[in-house]
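Trainee: What Swiss-Prot shows for this protein is this:
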type    : residues : note
MOD_RES : T98      : phosphothreonine
MOTIF   : 110-141  : motif 'HCCH motif'
MOTIF   : 147-156  : motif 'BC-box-like motif'
MOD_RES : S147     : phosphoserine
REGION  : 154-166  : region 'Multimerization'
REGION  : 180-203  : region 'Disordered'
Amino acid sequence: MEEEKRWIVVPTWRIPERLERWHSLIKYLKYKTKDLQKACYVPHHKVGWAWWTCSRVIFPLQEGSHLEVQGYWNLTPERGWLSTYAVRITWYSKDFWTDVTPEYADILLHSTYFPCFTAGEVRRAIRGERLLSCCRFPRAHKHQVPSLQYLALRVVSHVRSQGENPTWKQWRRDNRRSLRVAKQNSRGDKQRGGKPPTEGANFPGLAKVLGILA
């Protein structure tokens, strides 16, 4: 009697032909900028018992968990879709694992990778000082309820990057005296002479890089 065929079903995200772009970005951020230095990149390889091939990128996270993005080629040859690409995004913890959406994967990544505003930036913004940090992964905040501090720092960063408009100049004139007093009181702060904000491009997020739901 012929053995019954069994299927293993996992959720995947069908994408256009962007896995090479994804791999290039991962290698650039891992070896060039060191933003993803802790990530483990497993190149495109053949799975022995399957017809499809895959690659893996493993991102170690906090508390012993990790996020894994698997890229698949040739998932449905019986239909002639030999160029079909897809990814699976899985979060592994100590006690369980689950598949997650690209939006939640961005939140998990930002908890460990790519710097964000530090706690002292609100005080620096109020005193009119230069911000010493910035958020390199703004898309990770898109599907969260942002705090008022984060929204304010985003506005301040954007305004200063675009140059001082008339409204901003008027604000500076009206508050010059109070800012001068605040700066005098905080003259002993060693952080004022710190380094400028971390340079580098913002990470666009998994969905945008891979073209998920494009």
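Each Cβ is built from the backbone N, Cα and C atoms, and glycine gets one as well.
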Trainee: Under 8 Å Cβ to Cβ from the residue listed as 'phosphothreonine', same chain, six or more residues apart: give me those in sequence order, or none if nothing qualifies.
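Mentor: Sequence-distant Cβ neighbours: T90, W91.
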Trainee: Please average pLDDT over the region 'Multimerization' (154-166) for the predicted structure.
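Mentor: The predicted confidence over the region 'Multimerization' (154-166), as a mean pLDDT, is 57.
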